[in-house]
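Below is one structure, written out as structure tokens; the observations come after it.
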Amino acid sequence: MSIISTKYLLQDAQANGYAVPAFNIHNAETIQAILEVCSEMRSPVILAGTPGTFKHIALEEIYALCSAYSTTYNMPLALHLDHHESLDDIRRKVHAGVRSAMIDGSHFPFAENVKLVKSVVDFCHSQDCSVEAELGRLGGVEDDMSVDAESAFLTDPQEAKRFVELTGVDSLAVAIGTAHGLYSKTPKIDFQRLAEIREVVDVPLVLHGASDVPDEFVRRTIELGVTKVNVATELKIAFAGAVKAWFAENPQGNDPRNYMRVGMDAMKEVVRNKINVCGSANRISA
């Protein structure tokens, strides 16, 4: 088994009406927790790392872990560069073996976003690396980047069509009302906008900010063409909450093998639920 491009996973999802979950990773324990569930449920998976993750653990180390787990669990894995902002950073990581990258130029005007994404696409496609880009801008917090409500804006369907045609991007993250992080109230998802984007854009669509979104809303986006669902915050909250509770009950505890396993098990329940919501279970052979 090996580290593969997300395009192979997303093409199957698009053809068969389900979504591939993309779970953000932060350390060896989060990788292991995710893959224990995906292996058990035989679900394809995308392991997504932000620039902050690769500062915490070097790419080469994460890549080695993922390669080893791919063999252990007998399943292909996609290791994805989430919310990266420069061609140089992506180029270095692709040369190290990564085959999936998101270039985030959503903070730029349309023309500048196109120029940046096109440069990344031209390089990545020469390396069998798929490219995701974002049009429109989600609010919330991702790594050290915070986008307030005034700076967020939704994806325009016709701009999305032009963007894909001009860049040759493999998948498109759309802004339809979700945000990074948790919600103070139920998000208002613009399903009609998503349907209009799907009518004019052929590439797989990506839903960012899926943590804390009602399951029925996520299922509806998949019915309307979303084939990759990103989950980050819910995983961290489950893990951290379980570890905090363990220490509250075991104030003298100090063995990481105990409290980390508790956190992992809590995280695994979130992973299990998201796989069921995405309809991705039993999509890879045993």
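Glycine is no exception: its Cβ is also placed from the backbone N, Cα and C atoms.
Annotation source Swiss-Prot lists active site, proton donor at D82. Annotation note: D82 (active site, proton donor) sits in a strand segment as assigned by DSSP. Cβ contacts within 10 Å of D82 (active site, proton donor), excluding its own Cβ and spanning all protein chains shown: 26.
For H208 (Zn(2+) binding site), the Cβ neighbour count at a 10 Å cut-off comes to 29, with all displayed protein chains included. According to DSSP, H208 (Zn(2+) binding site) is assigned to coil rather than to any helix or strand. Per Swiss-Prot, the feature Zn(2+) binding site maps to H83, H180, H208; the stated evidence is similarity to another entry.
For N230 (dihydroxyacetone phosphate binding site), applying a Cβ distance below 8 Å and a minimum sequence separation of six or more within one chain yields A22, N24, A48, D82, A173, V206, L207, H208, G209, A210. Feature annotation from Swiss-Prot assigns dihydroxyacetone phosphate binding site to G181, G209, A210, S211, N230, V231, A232, T233; the stated evidence is similarity to another entry.
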Which of A210, V231, A232, the listed binding-site residues, has fewest other Cβ atoms within 10 Å: A232
Other C-beta atoms that fall within 10 angstroms of the C-beta of G209 (dihydroxyacetone phosphate binding site): 26
Among S211, T233, which are binding-site residues, the residue with the most C-beta atoms within 10 angstroms of its C-beta: S211
Alpha-carbon spacing, H83 (Zn(2+) binding site) to V231 (dihydroxyacetone phosphate binding site), which is rounded to whole Å: 13
